[in-house]
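Participant: What follows is a single structure, and I will ask about it in a moment.
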Amino acid sequence: MQSPPSPTCSETNDFLPLSQLRVEECGSERAIGKLIQELKSYIVTDIPRMRSTVSFYVCYLLCLCLGMACVMCVCYWNAHWRGGFAWDGSALQFNWHPVLMVTGLVVLYGNGAVLYRVPLTWGENKLSWKLLHAGVMLLAMVLSVLGLCAVFGNHNHNHIPNLYSLHSWVGICTTALFTTQWVAGLVGFLLPCSPMPFRKLLKPVHVWLGASILLLSIVSCISGINEKLFFALKANTNGTKPYAMLPPEAVLGNSLGVLIVAFGLVVLKILSNPNWQRPEPRSNEATYRPLLQEDT
Ligand code: HEM
(Lines of atoms letter the chains of each structure in order from A and count residues from 1; the text may use other names and numbers.)
(Lines give C-alpha, C1' and ligand atoms only; values in the text may rest on other atoms or scores of the structure.)
Protein backbone atom coordinates (compact mmCIF):
# COMPACT_ATOMS: atom_id res chain seq x y z
CA MET A 1 0.00 0.00 0.00
CA GLN A 2 1.28 3.41 -0.96
CA SER A 3 1.76 5.73 1.98
CA PRO A 4 0.17 9.20 1.62
CA PRO A 5 2.47 12.06 0.75
CA SER A 6 3.70 14.06 3.68
CA PRO A 7 2.64 17.60 2.92
CA THR A 8 3.97 20.42 5.00
CA CYS A 9 1.84 23.22 6.41
CA SER A 10 3.54 25.72 4.14
CA GLU A 11 0.39 26.45 2.10
CA THR A 12 -1.31 28.02 5.08
CA ASN A 13 1.66 29.68 6.68
CA ASP A 14 5.07 30.36 5.32
CA PHE A 15 6.77 32.39 8.01
CA LEU A 16 6.17 30.58 11.29
CA PRO A 17 8.36 27.62 12.31
CA LEU A 18 5.15 25.55 12.29
CA SER A 19 5.30 25.59 8.47
CA GLN A 20 8.11 23.09 8.64
CA LEU A 21 5.99 20.53 10.49
CA ARG A 22 4.43 17.62 8.70
CA VAL A 23 0.65 17.25 8.87
CA GLU A 24 0.79 13.99 10.77
CA GLU A 25 3.05 15.68 13.30
CA CYS A 26 0.84 18.66 14.09
CA GLY A 27 -2.72 17.54 13.43
CA SER A 28 -5.08 17.98 10.50
CA GLU A 29 -4.58 20.71 7.90
CA ARG A 30 -7.74 22.48 9.10
CA ALA A 31 -6.63 22.46 12.74
CA ILE A 32 -3.29 23.94 11.76
CA GLY A 33 -5.01 26.62 9.67
CA LYS A 34 -7.14 27.53 12.65
CA LEU A 35 -4.13 27.66 14.94
CA ILE A 36 -2.27 29.87 12.51
CA GLN A 37 -5.26 32.19 12.17
CA GLU A 38 -5.37 32.49 15.95
CA LEU A 39 -1.66 33.21 16.07
CA LYS A 40 -2.03 35.85 13.35
CA SER A 41 -4.93 37.55 15.11
CA TYR A 42 -2.95 37.42 18.36
CA ILE A 43 -0.03 39.14 16.64
CA VAL A 44 -2.24 41.71 14.89
CA THR A 45 -4.61 42.63 17.75
CA ASP A 46 -3.51 41.23 21.11
CA ILE A 47 0.13 42.31 21.09
CA PRO A 48 -0.66 46.00 20.40
CA ARG A 49 -3.43 45.82 23.01
CA MET A 50 -1.01 44.32 25.54
CA ARG A 51 1.55 47.00 24.70
CA SER A 52 -1.10 49.68 25.23
CA THR A 53 -2.11 48.12 28.59
CA VAL A 54 1.52 47.97 29.74
CA SER A 55 2.14 51.61 28.77
CA PHE A 56 -1.08 52.56 30.60
CA TYR A 57 0.11 50.90 33.80
CA VAL A 58 3.52 52.58 33.50
CA CYS A 59 1.76 55.97 33.29
CA TYR A 60 -0.62 55.03 36.10
CA LEU A 61 2.27 53.99 38.35
CA LEU A 62 3.98 57.28 37.57
CA CYS A 63 0.75 59.08 38.45
CA LEU A 64 0.53 57.27 41.82
CA CYS A 65 4.21 57.92 42.63
CA LEU A 66 4.04 61.61 41.66
CA GLY A 67 0.83 62.02 43.67
CA MET A 68 2.45 60.51 46.77
CA ALA A 69 5.55 62.66 46.25
CA CYS A 70 3.34 65.82 46.09
CA VAL A 71 1.57 64.95 49.36
CA MET A 72 4.84 64.09 51.15
CA CYS A 73 6.52 67.25 49.87
CA VAL A 74 3.70 69.63 50.89
CA CYS A 75 3.41 67.97 54.35
CA TYR A 76 7.18 68.13 54.91
CA TRP A 77 7.31 71.78 53.82
CA ASN A 78 4.64 72.85 56.30
CA ALA A 79 5.67 70.55 59.14
CA HIS A 80 9.41 71.19 58.93
CA TRP A 81 9.78 74.74 57.54
CA ARG A 82 6.48 76.40 58.55
CA GLY A 83 6.18 75.20 62.15
CA GLY A 84 3.52 72.48 61.88
CA PHE A 85 -0.26 72.51 62.23
CA ALA A 86 -3.01 73.81 64.52
CA TRP A 87 -6.63 75.01 64.21
CA ASP A 88 -6.54 78.23 66.22
CA GLY A 89 -6.56 81.00 63.61
CA SER A 90 -2.78 81.35 63.74
CA ALA A 91 -0.22 80.87 60.96
CA LEU A 92 -0.21 77.21 61.93
CA GLN A 93 -3.85 77.01 60.86
CA PHE A 94 -2.91 78.48 57.49
CA ASN A 95 -0.49 75.54 57.02
CA TRP A 96 -3.46 73.22 56.56
CA HIS A 97 -4.44 75.20 53.47
CA PRO A 98 -1.67 74.04 51.06
CA VAL A 99 -1.72 70.50 52.47
CA LEU A 100 -5.50 70.07 52.06
CA MET A 101 -5.66 71.81 48.67
CA VAL A 102 -2.82 69.79 47.14
CA THR A 103 -4.10 66.51 48.61
CA GLY A 104 -7.76 67.16 47.75
CA LEU A 105 -7.99 69.25 44.61
CA VAL A 106 -4.88 67.89 42.88
CA VAL A 107 -3.87 64.40 44.02
CA LEU A 108 -7.24 62.86 45.01
CA TYR A 109 -9.02 64.70 42.21
CA GLY A 110 -6.50 63.52 39.58
CA ASN A 111 -6.69 59.93 40.80
CA GLY A 112 -10.48 60.04 40.83
CA ALA A 113 -10.49 61.37 37.26
CA VAL A 114 -8.37 58.51 35.84
CA LEU A 115 -10.23 55.77 37.74
CA TYR A 116 -12.31 54.70 34.71
CA ARG A 117 -9.19 54.35 32.56
CA VAL A 118 -7.82 51.50 34.70
CA PRO A 119 -8.50 48.36 32.61
CA LEU A 120 -9.23 46.40 35.81
CA THR A 121 -12.38 48.50 36.23
CA TRP A 122 -13.73 47.53 32.79
CA GLY A 123 -15.54 44.45 34.08
CA GLU A 124 -19.27 44.02 33.80
CA ASN A 125 -20.24 45.92 36.92
CA LYS A 126 -19.75 49.63 36.30
CA LEU A 127 -21.94 50.63 39.24
CA SER A 128 -19.34 50.09 41.96
CA TRP A 129 -16.70 52.04 39.99
CA LYS A 130 -19.13 54.90 39.46
CA LEU A 131 -19.80 55.01 43.18
CA LEU A 132 -16.07 54.92 43.90
CA HIS A 133 -15.48 57.76 41.39
CA ALA A 134 -18.21 59.85 43.05
CA GLY A 135 -16.86 58.96 46.52
CA VAL A 136 -13.25 59.90 45.75
CA MET A 137 -14.45 63.19 44.24
CA LEU A 138 -16.61 63.86 47.31
CA LEU A 139 -13.60 63.31 49.58
CA ALA A 140 -11.55 65.64 47.36
CA MET A 141 -14.29 68.27 47.67
CA VAL A 142 -14.53 67.93 51.47
CA LEU A 143 -10.73 68.32 51.81
CA SER A 144 -10.67 71.38 49.57
CA VAL A 145 -13.54 73.04 51.45
CA LEU A 146 -11.67 72.38 54.73
CA GLY A 147 -8.55 73.86 53.09
CA LEU A 148 -10.49 77.01 52.27
CA CYS A 149 -11.92 77.16 55.82
CA ALA A 150 -8.33 77.03 57.12
CA VAL A 151 -7.23 80.08 55.12
CA PHE A 152 -10.45 82.10 55.59
CA GLY A 153 -10.33 81.42 59.34
CA ASN A 154 -6.70 82.51 59.48
CA HIS A 155 -7.41 85.70 57.51
CA ASN A 156 -10.47 86.62 59.59
CA HIS A 157 -8.65 85.94 62.87
CA ASN A 158 -5.79 88.25 61.84
CA HIS A 159 -7.96 90.92 60.12
CA ILE A 160 -6.41 90.18 56.73
CA PRO A 161 -8.72 91.05 53.81
CA ASN A 162 -10.25 88.13 51.94
CA LEU A 163 -10.11 87.40 48.21
CA TYR A 164 -7.79 90.22 47.15
CA SER A 165 -5.18 88.25 45.18
CA LEU A 166 -5.21 86.70 41.71
CA HIS A 167 -4.45 83.36 43.40
CA SER A 168 -7.56 83.64 45.56
CA TRP A 169 -9.77 84.58 42.57
CA VAL A 170 -8.58 81.63 40.46
CA GLY A 171 -8.73 79.36 43.53
CA ILE A 172 -12.28 80.26 44.56
CA CYS A 173 -13.53 79.87 40.95
CA THR A 174 -11.84 76.45 40.73
CA THR A 175 -13.50 75.23 43.91
CA ALA A 176 -16.88 76.63 42.82
CA LEU A 177 -16.59 74.92 39.41
CA PHE A 178 -15.61 71.65 41.08
CA THR A 179 -18.60 71.80 43.41
CA THR A 180 -20.95 72.57 40.49
CA GLN A 181 -19.42 69.72 38.48
CA TRP A 182 -19.89 67.27 41.35
CA VAL A 183 -23.51 68.25 41.94
CA ALA A 184 -24.29 68.10 38.18
CA GLY A 185 -22.62 64.68 37.98
CA LEU A 186 -24.67 63.45 40.92
CA VAL A 187 -27.93 64.70 39.43
CA GLY A 188 -27.17 63.65 35.85
CA PHE A 189 -25.52 60.28 36.31
CA LEU A 190 -26.80 59.05 39.66
CA LEU A 191 -30.44 59.98 39.82
CA PRO A 192 -32.61 57.55 37.83
CA CYS A 193 -35.14 60.32 37.11
CA SER A 194 -32.66 62.51 35.19
CA PRO A 195 -33.84 62.80 31.55
CA MET A 196 -31.81 61.09 28.82
CA PRO A 197 -31.19 64.24 26.71
CA PHE A 198 -29.74 65.96 29.78
CA ARG A 199 -27.39 63.03 30.37
CA LYS A 200 -26.26 62.95 26.75
CA LEU A 201 -25.60 66.66 26.83
CA LEU A 202 -23.86 66.47 30.18
CA LYS A 203 -21.32 63.75 29.43
CA PRO A 204 -18.98 65.65 27.04
CA VAL A 205 -19.28 68.77 29.19
CA HIS A 206 -18.45 66.70 32.29
CA VAL A 207 -15.34 65.23 30.59
CA TRP A 208 -14.12 68.64 29.30
CA LEU A 209 -14.83 70.46 32.56
CA GLY A 210 -13.16 67.66 34.53
CA ALA A 211 -9.84 68.19 32.74
CA SER A 212 -10.23 72.00 32.91
CA ILE A 213 -10.75 71.91 36.69
CA LEU A 214 -7.51 69.95 37.08
CA LEU A 215 -5.66 72.56 35.02
CA LEU A 216 -7.17 75.35 37.12
CA SER A 217 -6.21 73.55 40.35
CA ILE A 218 -2.62 73.34 39.14
CA VAL A 219 -2.62 77.04 38.24
CA SER A 220 -4.01 77.81 41.74
CA CYS A 221 -1.32 75.71 43.41
CA ILE A 222 1.54 77.22 41.42
CA SER A 223 0.38 80.77 42.12
CA GLY A 224 -0.25 79.92 45.81
CA ILE A 225 3.19 78.37 46.29
CA ASN A 226 4.84 81.33 44.59
CA GLU A 227 2.89 83.80 46.71
CA LYS A 228 3.70 81.95 49.93
CA LEU A 229 7.41 81.81 49.12
CA PHE A 230 7.44 85.57 48.38
CA PHE A 231 5.61 86.29 51.67
CA ALA A 232 7.68 83.94 53.82
CA LEU A 233 11.15 84.35 52.38
CA LYS A 234 11.81 88.06 52.74
CA ALA A 235 15.32 89.29 53.56
CA ASN A 236 16.12 89.63 57.27
CA THR A 237 12.91 88.01 58.55
CA ASN A 238 13.20 85.01 60.88
CA GLY A 239 16.83 84.74 59.88
CA THR A 240 15.88 83.27 56.49
CA LYS A 241 17.63 84.07 53.25
CA PRO A 242 15.46 85.91 50.71
CA TYR A 243 13.73 83.91 47.97
CA ALA A 244 16.16 85.30 45.38
CA MET A 245 19.04 83.58 47.20
CA LEU A 246 17.24 80.24 46.75
CA PRO A 247 17.36 78.96 50.35
CA PRO A 248 16.52 75.25 50.93
CA GLU A 249 12.86 76.06 51.65
CA ALA A 250 12.57 77.77 48.25
CA VAL A 251 14.10 74.72 46.58
CA LEU A 252 11.49 72.56 48.31
CA GLY A 253 8.60 74.89 47.36
CA ASN A 254 9.75 75.12 43.74
CA SER A 255 10.18 71.33 43.60
CA LEU A 256 6.64 70.90 44.92
CA GLY A 257 5.42 73.08 42.05
CA VAL A 258 7.35 71.00 39.51
CA LEU A 259 5.95 67.76 40.99
CA ILE A 260 2.39 69.13 40.80
CA VAL A 261 2.85 70.12 37.14
CA ALA A 262 4.36 66.71 36.31
CA PHE A 263 1.46 64.95 38.07
CA GLY A 264 -1.05 67.05 36.13
CA LEU A 265 0.64 66.31 32.80
CA VAL A 266 0.58 62.56 33.45
CA VAL A 267 -3.11 62.68 34.42
CA LEU A 268 -3.96 64.71 31.31
CA LYS A 269 -1.95 62.29 29.15
CA ILE A 270 -3.99 59.38 30.59
CA LEU A 271 -7.27 61.22 30.06
CA SER A 272 -6.46 62.23 26.47
CA ASN A 273 -5.37 58.83 25.12
CA PRO A 274 -8.38 57.34 23.26
CA ASN A 275 -6.94 53.79 23.55
CA TRP A 276 -7.22 54.00 27.31
CA GLN A 277 -10.88 54.96 27.39
CA ARG A 278 -13.32 52.55 28.92
CA PRO A 279 -15.09 50.77 26.02
CA GLU A 280 -18.68 52.02 25.82
CA PRO A 281 -21.58 49.84 24.62
CA ARG A 282 -21.81 49.95 20.80
CA SER A 283 -24.44 51.36 18.36
CA ASN A 284 -27.98 51.51 19.72
CA GLU A 285 -26.83 50.64 23.24
CA ALA A 286 -24.51 53.62 23.29
CA THR A 287 -26.88 55.89 25.15
CA TYR A 288 -25.65 57.03 28.51
CA ARG A 289 -27.74 55.34 31.15
CA PRO A 290 -28.05 56.71 34.68
CA LEU A 291 -26.00 55.00 37.28
CA LEU A 292 -28.83 53.33 39.13
CA GLN A 293 -30.16 51.78 35.89
CA GLU A 294 -26.79 50.44 34.92
CA ASP A 295 -25.37 47.02 35.67
CA THR A 296 -27.63 46.54 38.64
C1 HEM B 1 -6.23 74.10 44.30
C2 HEM B 1 -5.51 74.69 45.14
C3 HEM B 1 -5.80 75.99 45.84
C4 HEM B 1 -6.94 76.75 45.89
C5 HEM B 1 -8.26 76.44 45.20
C6 HEM B 1 -6.68 77.88 46.73
C7 HEM B 1 -7.60 78.87 47.04
C8 HEM B 1 -7.34 79.97 47.84
C9 HEM B 1 -8.28 80.99 48.19
C10 HEM B 1 -9.72 81.05 47.72
C11 HEM B 1 -7.67 81.89 48.99
C12 HEM B 1 -8.27 83.18 49.58
C13 HEM B 1 -8.59 83.05 51.03
C14 HEM B 1 -9.02 84.39 51.58
O15 HEM B 1 -9.12 85.34 50.84
O16 HEM B 1 -9.25 84.45 52.79
C17 HEM B 1 -6.31 81.44 49.15
C18 HEM B 1 -5.35 82.09 49.87
C19 HEM B 1 -4.04 81.75 49.91
N20 HEM B 1 -3.49 80.59 49.38
FE21 HEM B 1 -4.44 79.21 48.29
N22 HEM B 1 -5.40 77.80 47.17
C23 HEM B 1 -4.83 76.67 46.66
C24 HEM B 1 -3.57 76.19 46.88
C25 HEM B 1 -2.60 76.87 47.55
C26 HEM B 1 -1.28 76.39 47.74
C27 HEM B 1 -0.70 75.04 47.29
C28 HEM B 1 -0.62 77.35 48.41
C29 HEM B 1 0.81 77.25 48.84
C30 HEM B 1 1.25 77.63 49.98
C31 HEM B 1 -1.53 78.45 48.64
C32 HEM B 1 -1.24 79.64 49.27
C33 HEM B 1 -2.15 80.62 49.60
C34 HEM B 1 -1.81 81.86 50.28
C35 HEM B 1 -0.40 82.29 50.69
C36 HEM B 1 -3.00 82.55 50.50
C37 HEM B 1 -3.18 83.89 51.25
C38 HEM B 1 -3.01 85.04 50.36
C39 HEM B 1 -4.13 85.20 49.38
O40 HEM B 1 -5.29 85.34 49.77
O41 HEM B 1 -3.84 85.10 48.18
N42 HEM B 1 -2.74 78.10 48.11
N43 HEM B 1 -6.15 80.27 48.46
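Cβ from N, Cα, C; glycine included.
Not my notes, these are from TrEMBL:
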DOMAIN    62-272  domain 'Cytochrome b561'
TRANSMEM  57-79  transmembrane segment
TRANSMEM  99-119  transmembrane segment
TRANSMEM  131-154  transmembrane segment
TRANSMEM  166-193  transmembrane segment
TRANSMEM  205-225  transmembrane segment
TRANSMEM  251-272  transmembrane segment
Participant: Before we move on, state whether the transmembrane segment (57-79) and the transmembrane segment (131-154) share at least 3 Cβ pairs under 8 Å, counting only pairs 6 or more apart in sequence.
Facilitator: no
Participant: Let me know the model's mean pLDDT on the domain 'Cytochrome b561' (62-272).
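Facilitator: Average per-residue pLDDT within the domain 'Cytochrome b561' (62-272): 95.
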Participant: Would you kindly check 99-119, 131-154, 166-193, 205-225 and say which stretch has the most C-beta pairs under 8 angstroms to the transmembrane segment (251-272)?
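Facilitator: Answer, by Cβ pair count: 205-225.
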Participant: Quick test of the contact rule: Cβ under 8 Å, at least six residues beyond the ends. What residues does that give for the transmembrane segment (166-193)?
Facilitator: 101, 105, 109, 130, 134, 137-138, 140-141, 144-145, 148, 199, 202, 206, 209-210, 212-213, 216-217, 219-220, 223-224, 227, 288, 290-293
Participant: Sequence-remote contacts (6 or more beyond its ends) of the transmembrane segment (99-119), Cβ cut-off under 8 Å?
Facilitator: 53, 56, 60, 63-64, 67-68, 70-71, 74-75, 78, 85, 129, 132-133, 136-137, 139-144, 146-147, 150, 171, 174-175, 178, 210-211, 213-214, 217-218, 220-221, 224, 256, 260, 263-264, 267, 270-271, 276-278
